[in-house]
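Structure record follows, encoded as structure tokens.
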Amino acid sequence: MSSENKEQHDLSPRDLPEEAFGFPSELPLETQRRSGTDLRQSETGHGRRAFRRIHMELREKPDTDIKQFVIRELQKSCQCSAAKVRDGAFDFFPVLRWLPKYDLKKNILGDVMSGLIVGILLVPQSIAYSLLAGQEPIYGLYTSFFASIIYFLFGTSRHISVGIFGILCLMIGEVVDRELHKACPDTDATSSSIAVFSSGCVVVNHTLDGLCDKSCYAIKIGSTVTFMAGVYQVAMGFFQVGFVSVYLSDALLSGFVTGASFTILTSQAKYLLGLSLPRSHGVGSVITTWIHIFRNIRNTNICDLITSLLCLLVLVPSKELNEHFKDKLKAPIPVELIVVVAATLASHFGKLNGNYNSSIAGHIPTGFMPPKAPDWSLIPNVAVDAIAISIIGFAITVSLSEMFAKKHGYTVKANQEMYAIGFCNIIPSFFHCITTSAALAKTLVKESTGCQTQLSAIVTALVLLLVLLVIAPLFYSLQKCVLGVITIVNLRGALLKFRDLPKMWRLSRMDTVIWFVTMLSSALLSTEIGLLVGVCFSMFCVILRTQKPKNSLLGLEEESETFESISTYKNLRSKSGIKVFRFIAPLYYINKECFKSALYKKALNPVLVKAAWKKAAKRKLKEEMVTFRGDPDEVSMQLSHDPLEVHTIVIDCSAIQFLDTAGIHTLKEVRRDYEAVGIQVLLAQCNPSVRDSLARGEYCKKEEETLLFYSLSEAVAFAEDSQNQKGVCVVNGLSLSGD
């Protein structure tokens, strides 16, 4: 560091030029300078300080008549023109804006490369995650295929990859298992031996035409949940209630994903060991599942266990190498696909299913099944479950969209993103698909391999189409334990969040506690309950932060006329007889007592002063045996003429965002207590909302509006000016003589 830079770095606030400090009011710069000059102390002929009040004229409020507002909005909405229709179409289908302007030479190579890589990664992941959702492998491929095409049409992000997502598959799987258990409570037969009806199920020797087996009923449940989640997401976009996502903080989402990852890991452990276990339901399913696993550990399939260990030994180091050399590799090595191909060949030629009873994926049909509407009769059963799924889906999608848009210097429309992800669920639900959302891991791969636009999603869809039409049956011999390993290895990112905890603790202890509470409740209770607990606990933490907020007395840095905390900064001077108090939170029913006690403790407690005056008066009466007429309180005041060190309390309201009824009553009470002992209370830097609340709450009369000031300097100057008027302190027009 050069000596010049070091010298600037070591400057104290007093040494900095005056322009470096902002005037504490919300006035334009010229007004601030003029006001600062007017408010500086100057001596008149009588030795008194000149004081000039700042006046601001309120703008006229717009007409708030609800009827007229509705009529205006309806008229605006019903106006139709060619330009408005075109803009509406372009807004609803963003692809119409950017596709005609597509730069083929600049973008095509990166889009094709990223689309191919993501498509190759999606094939094994789609098959693996479909098992997590309790579905056949083909439905996972359908889901990723349709989601890629639909987001291409409706999405505004250039980089995110939308498709099948592990956390949502877990939540879908829990609903599917619950509904299957309701329909078939007394049987654990395979899908080929169960015919499921709305009223229950029966065991049959073979699949009959017109009957819905376990697999068929499972996708009915999954597609119905997906349809409802999409409806919720589109409705939230239509009513512009995306603000719901603000209650899902980064710490909460991270903790939820990590906790759900433990549930996913637990659900896949049985595949790694080759155990045939029913999925546990309800609260504490993770613990119950591990109890079942350890009780049946002696039944472990050695072939599946060895295959799982070999796959782990290949996938984990390969993932680490991909991460370590991602800057040097033009594209990540598709290790998952290599493992799937190798494992399929080994299983097929080694006849692992026949010789060692290893569980395999089984028949995967080619082509597309005829579209079919969701089962409307299931909507009452799954409507509540779809709420949590829809919120998680759109929150992750919108946050990833905004993150990558900010990184690459463009904008996304959060409302349109909700439409996009909603239609990615509604439309595919008629084509035997499950819920989708954006996924961080695939989005990072997509970005790092040169993606420029969502044309890469079409390339990804073509790769999946090739698999659906030609390659899918070749995965017949693929062991389910391999798919379980792929699912678990892809949880690395979420499970490694534990490494970030020390840094998170240093940044915010409250966020760390939120992370832990959400993670533990999601893992040990259930994903839905964990999300609800996380949201409720986060809101409780917000309330807790405002219940005991920071507050301080302020001092003046004279050269800049800036007021700051005396406990934080050095070389600040307090004005004689004036206490400036700052409260950093909204003033409402939760923290009103905290505000009052902090002010009385740091400035002066008028209740104790008044009590001391009464006590002194009574003692003096006893000593001198003097008889007074009148009220005892008046007697106390008349006998106590010792001047107080404080004559004015200035409350800095700049950090008070709003007041409620309790807050207004508290300010009135504080003002009444201080005026009872001859101290005036002034409010400074109130925002328009607070001023409006004070006016509606009748904090002061029309002639008492002089108690509200636009800046601290103005309030302090007024206090000094009123005190200097021949030693008389003026309180709301009442003079209290000091002799």
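Positions of Cβ are set from backbone N, Cα and C atoms, glycine also.
As annotated in Swiss-Prot, transmembrane segment covers the listed stretch 137-157 rather than the other ranges in 137-157, 326-346. Counting same-chain residues at least six beyond the ends of the transmembrane segment (137-157), those with a Cβ under 8 angstroms from any Cβ of the stretch are 92-95, 122-123, 125-131, 163-164, 219, 222, 361, 364-365, 368, 400-401, 404-405, 412-413, 416-417, 419-421, 423-424, 427-428, 431-434, 436, 438, 454-455, 457-458, 460-461, 464-465, 467-468, 472, 475. Using a cut-off of 8 Å between Cβ atoms, the transmembrane segment (455-475) and the transmembrane segment (255-275) share fewer than three residue pairs, counting only pairs 6 or more apart in sequence. Take the transmembrane segment (112-132) and the stretches 255-275, 420-440, 524-544: counting Cβ pairs under 8 Å, 255-275 has the most. Residues of the same chain lying 6 or more positions beyond the ends of the transmembrane segment (255-275) and with a Cβ under 8 Å from any Cβ of it are 131-132, 166-167, 170-171, 173, 285-286, 289-290, 293, 296-297, 299-305, 308, 358-359, 392, 480-481, 483-485, 487-488, 491, 494-495, 497-498, 514-523, 526-527, 530-531, 534.
Sequence-distant contacts of the transmembrane segment (524-544), counting only residues of its own chain at least 6 positions beyond either end whose CB sits under 8 Å from a CB of the stretch, comprise 167, 170-171, 174, 247-249, 251-252, 255-256, 259-260, 263, 282-287, 385, 388, 391-392, 510, 513-514, 517-518, 590.
Long-range contacts of the transmembrane segment (420-440) within its own chain (CB-CB distance under 8 A, at least 6 residues past either end) are made by residues 130, 133, 135, 139-140, 142-144, 146-147, 150-151, 154-157, 160-166, 168-169, 171-172, 219, 222-227, 229-237, 368-369, 371-374, 389-390, 392-394, 396-397, 400-401, 493.
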